[in-house]
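According to Swiss-Prot:
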type	residues	note
ACT_SITE	Asp140	active site, proton acceptor
BINDING	Ile21, Gly22, Arg23, Gly24, Arg25, Phe26, Gly27, Thr28, Val29, Lys44	ATP binding site
DOMAIN	15-273	domain 'Protein kinase'
Amino acid sequence: MTCSQTLGNNNTNKYQICEEIGRGRFGTVSRVYAPATGDFFACKTIDKASLSDDLDRACLDNEPKLMALLSYHPNIVQIHDLIDTDSTLSIFMELVHPSVSIYDRLVSSGTFFEPQTASFAKQILQALSHCHRYGVVHRDIKPENILVDLRNDTVKICDFGSGIWLGEGETTEGVVGTPYYVAPEVLMGYSYGEKVDLWSAGVVLYTMLAGTPPFYGETAEEIFEAVLRGNLRFPTKIFRGVSSMAKDFLRKLICKDASRRFSAEQALRHPWIQRAGETEERFI
């Protein structure tokens, strides 16, 4: 494949753009080539003119800073480089290729098998445990932000734009996240910490098994009302083939009382996660 337009600083063309592989609210994601090393990367280029308020600008600053805080972890997309100009910010990251997001897989094929879900759950929790150890709270765990490397079924968490750094014992406030996956304490305006990520992860995993989220509504307001009611159900028609151990695990994460909700480390010790991989099936 031919790579043409160049990106670089100080008249040094460090990267060549090969193709666009994604597009979002603030810009594009491209596959780029670094001639000096022969490596390929994913480049998220953000158009600063598209940032409409202080929250957008904070997200712009957050992602590279938070990703740089985290040492290498196999289940987190790694940052490689940054090019900041007056008009754009380009974040160069590990290229996960070929890959598919959990969201795209749900749209194309529906539910996941339970062994597969348990294996992916373990990797998601390992990534969150690593983040929380460094004080990083993602705050937007959702299927779109979880990639699967199709070469080896490795899960990679990405997009830290909504994230925040919290010191030990610190909490924060503010409604951040995506309607189906946001924790109830966030919606209530309470102070919160890292356990919001565990709620979101639980909702993602429920959705992988059921093909639909546990709290549904036609509008954001209806979804928020369902989340705040917190009536977690496992309809027999949908969950007939899902183990009681898996349902117990989900109850530990999708727990309205954050003080009783599992941390990432506690979740990793749950029997359902401990047994993950015993009958694992390949991701297709």
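Quick reminder: no glycine exception, Cβ is built from N, Cα and C everywhere.
Because the structure is a prediction, the values reported are computed rather than measured.
A map of Swiss-Prot features onto the structure.
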{"residue": "Ile21", "record": "ATP binding site", "Cβ contacts under 8 Å, 6 or more apart": "Val29, Ser30, Arg31, Ala42"}
{"residue": "Arg23", "record": "ATP binding site", "Cβ contacts under 8 Å, 6 or more apart": "Val29"}
{"residue": "Gly27", "record": "ATP binding site", "Cβ contacts under 8 Å, 6 or more apart": "Lys44, Thr45, Ile46, Asp47, Ser50, Thr88"}
{"residue": "Asp140", "record": "active site, proton acceptor", "Cβ contacts under 8 Å, 6 or more apart": "Asp159, Gly161, Ser162, Gly163, Val176, Gly177, Thr178, Tyr181, Ser200"}
Checklist entry - So how many other Cβ atoms are close to Val29 (ATP binding site), meaning within 10 Å of its Cβ? => result 18
Checklist entry - What is the pLDDT of the domain 'Protein kinase' (15-273) when averaged and given as a whole number? => result 94
